[in-house]
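Chemist: Take a look at the following structure, please.
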Amino acid sequence: MTETLQLNSTFLHPTFFILTGFPGLGSAQTWLTLVFGPIYLLALLGNGALLAVVWIDSTLHQPMFLLLAMPAATDLGLATSIAPGLLAVLWFGPRSVPYAVCLVQMFFVHALTAMESGVLLAMAGDCAVAIGCPLHYPVLVTKAHVGYAALALALKAVAIVVPFPLLVAKFEHFQAKTIGHTYCAHMAVVELVVGNTRVNNLYGLALSLAISGMDILGITGSYGLIAHAVLQLPTREACAKAFGTCSSHICVILAFYIPGLFSYLTHRFGHHTVPKPVHILLSNIYLLLPPALNLLIYGSRTKQIKNQLLDTFTFRKSPL
């Protein structure tokens, strides 16, 4: 009898969900557009500029710069999959999202996040080869190998994330249509499901630990090899130059994983101590801040890209 009443009060295959943004903030969340609007604009222009200069300048069609184009393309897709809807919710209030569109957004957000983590691992491997085996670098790191790596990372991301929307789609009944979030995150949708969500919870936890954990271990191992190679260099200047080669990559790693760690810890262990708006804020910062920093990091620390950006996007007086 109780189960029948519960089913009668739920929704059967809702045609849409309603994203509310930051619960409890009401109209005050409009002011957050002043934060996330510029962040998205910077991500859009910055990553677009990086991709443009790599595409335009044939001297940048080298494995190193093609590797830099991979996170730029991934970040551009990741930011665009979240930010327009986020800004719409913040500015205009709660908005409806078709059920199918919600599942598609869920797939792209998690797949591109997994892709980003894999790209950082590939770039760590590139640094390790460049510093540890410089004579073999032209043979080991080629444009073809970069292309194969990009394809493998994309296929891996698709394969491991496809179960997310499929596991949600199998449920017929939902407690409500309102999602207290700014985008269709997997666990935010699962919380609305009527039924046993143990598989969804375990798969989400296992995937987070496996993907991030394995990539972090790989990155740590790569930098262990880098440190070993650098410490064997004869002069302090040579050591500083070698570490400088990977400094931009280290900055990107810190920008990606530190907000991600805070977001993960508040979600898993801070339900009763961390307010939900804070968790949602950290989640959005984790996904949108690293894409916004790409141009600042690579543009300032990679000489060839910096020079090409200046040549392409500034007017220089031509010599007489």
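Start at 1 and count along the chain as shown; that gives each residue its number.
Using N, Cα and C of the backbone, Cβ positions are placed for all residues, glycine too.
Below are the features I grabbed from TrEMBL:
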{"type": "DOMAIN", "residues": "46-298", "note": "domain 'G-protein coupled receptors family 1 profile'"}
{"type": "TRANSMEM", "residues": "31-53", "note": "transmembrane segment"}
{"type": "TRANSMEM", "residues": "65-91", "note": "transmembrane segment"}
{"type": "TRANSMEM", "residues": "97-113", "note": "transmembrane segment"}
{"type": "TRANSMEM", "residues": "120-140", "note": "transmembrane segment"}
{"type": "TRANSMEM", "residues": "146-168", "note": "transmembrane segment"}
{"type": "TRANSMEM", "residues": "205-226", "note": "transmembrane segment"}
{"type": "TRANSMEM", "residues": "238-258", "note": "transmembrane segment"}
{"type": "TRANSMEM", "residues": "278-298", "note": "transmembrane segment"}
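How buried are the listed features, and what sits near them?
Modeler: Among residues of the same chain six or more beyond the transmembrane segment (31-53), those with a C-beta under 8 A of the stretch's C-beta atoms are 22, 60, 68-69, 72-73, 75-76, 79-80, 83-84, 86-87, 90-91, 284, 288-289, 291-296, 298-299, 305, 308-309, 312-313.
Below 8 angstroms of C-beta separation, residues 19-21, 29-30, 32-33, 36-37, 39-40, 43-44, 47-48, 50-51, 54, 97, 105, 108-109, 112-113, 115-116, 119-120, 122-123, 126, 143, 146-147, 150, 153, 182-183, 252, 284, 287-288, 290-292, 294, 298, 302, 304-305 of the same chain, each at least six residues beyond the ends of the transmembrane segment (65-91), sit close to that stretch.
Nonlocal intrachain contacts for the transmembrane segment (120-140), taken as residues 6+ away from its ends with a CB within less than 8 angstroms of a stretch CB, comprise 63-64, 67-68, 70-71, 149, 153, 215, 218-219, 222-223, 225-226, 228-230, 242, 245-246, 249, 252-253, 256.
Nonlocal intrachain contacts for the transmembrane segment (238-258), taken as residues 6+ away from its ends with a CB within less than 8 angstroms of a stretch CB, comprise 71, 116-117, 120, 123-124, 127, 130-131, 212, 216, 219, 223, 226, 229-231, 289-290, 293-294, 297-298, 301-302.
Long-range Cβ contacts of the transmembrane segment (278-298) within its own chain (Cβ-Cβ under 8 Å, at least 6 residues beyond either end) map to 21-23, 36, 39-40, 42-43, 45-47, 49-50, 68, 71-72, 75-76, 78-79, 82-83, 86, 109, 113, 116, 180-182, 185, 248, 251-252, 255-256, 259-260, 262-263, 266-267, 270, 305, 309.
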Chemist: Residues sitting near the transmembrane segment (146-168): Cβ under 8 Å, six or more positions beyond its termini, same chain?
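Modeler: Same-chain contacts beyond the flanks: 63, 66-67, 70, 103-104, 106-107, 110-112, 114-115, 118-119, 122, 186, 189-190, 193, 199-200, 203-204, 207, 211.
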Chemist: Across the domain 'G-protein coupled receptors family 1 profile' (46-298), what does the pLDDT come to on average, as a whole number?
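Modeler: Value for the domain 'G-protein coupled receptors family 1 profile' (46-298), mean pLDDT as a whole number: 85.
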